[in-house]
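Visitor: Next up is a structure, given as structure tokens.
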Amino acid sequence: MAGALKGIRQGDPGGEEEVQEEMDASHRYSNLPDFTQPSPPSTPASLPSNHHHRCGPSDATKGLFVALLGGGLSAGFVGPFSRMAYQTSHLPSLELLIFRCLFHLPIALLLKFRGDPLLGPPDVRVRAFLHAMLNVLSIGCAYSAVQVVPAGNAVTVRKGSSTVCSALLALCLESQGLSGYAWCGLFGSTLGLIIIVGPGLGTLQEGTTGLYTALGYVLAFLGGLALSLGLQVYRSLHFPSCLPTVAFLFGLVGLTVSVPGLFMLQTPVVPRDPLSWSCVVAVGLLALVSFVCVSYAVTKAHPALVCAVLHSEVVVALMLQYYVLYETVAPSDIMGAGVVLGSIAIITAQNLSCEKEGQMEE
């Protein structure tokens, strides 16, 4: 190469040809890989690189956490506060339902601001009203039950019946099965509820008191059945602003039903002490939060799993029953609450493990 350059400087015409041949040869060999340098690790085309891998909770996991934190914990205060309002001012259950429905009516301002119809689209309006009626029936039965039986037991029966009925309805109507871990969690949560309420059912008193207690448990069961039916109806609603629409309809239908029923079946009472008003306001706000969270969660996860996670309401109600209402909590209540919490942990862990397996398969 140096000789060829020297030939070019000296004016040798053959030097130019030699330089051109050497440059062509070097260009050809420069395209070959350099085996003296270590090659970078290759990534298969079928596997995504770690740089683009995104980990996050699935929709089902998000729904269960919303149901646990927003639905179960907040609803756990509703039963004891309702019982406190009844004990201090003898507030009727229908009047308490009226106060709760009043907190749902301001949602109409949100619907008007967004330009959506208050009663929903015409093609789904009947199902939306049916959902509201079932929820009003469920809440009315629950409020009536907590006035004659301990708050923790009433909540236990209502949640247990809603879980079992939701699993059966989803299996029959939607053919939506559950995994083995999910069935194990449902069985454990139901067993925990039976442990809590079983001794109380076995020691019902004879006479009028026992009859009223048995009626309270029946009302709690019917409230759970109505709740499970309402969740199934809500899952069939698909239109914009579905959640605020059904929340407003709950308040509207609740007022339409409760106001005449209050004057025909019960005696209206005006709360006079600050404790009663505080309980009424707390019930309205916490129940609204629980309603919104549960309605969101049931669109993301299986309704039976959502109801099972809502059993955390039972644990909160039992704690308030003991520390706030100073009502007796039996050892069976504590044992059953532990079984319920363990079942919720199984359901949550199973959803997280399924989510991780799905990410690895991707």
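Please read every residue number as a count from 1 along the shown chain.
Each Cβ is built from the backbone N, Cα and C atoms, and glycine gets one as well.
Whatever TrEMBL says is automated annotation, not expert-curated.
What you are looking at is a predicted structure, and each value in this text was computed from that prediction instead of being measured.
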Visitor: So which range, 63-81, 329-347, gets flagged transmembrane segment in TrEMBL?
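Guide: Checked against TrEMBL: transmembrane segment maps to 63-81.
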Visitor: Residue counts in helix (H, G, I), strand (E, B) and coil for the domain 'EamA' (215-348), per DSSP?
Guide: 106 helix, 0 strand, 28 coil
Visitor: May I ask which of the stretches 63-81, 93-111, 180-202, 246-263, 304-322 has the most CB pairs under 8 A with the transmembrane segment (275-297)?
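Guide: Highest pair count goes to 63-81.
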Visitor: Tell me if the transmembrane segment (132-149) touches the transmembrane segment (214-234). I count contact as 3 or more CB pairs below 8 A, with pairs 6 or more residues apart.
Guide: yes
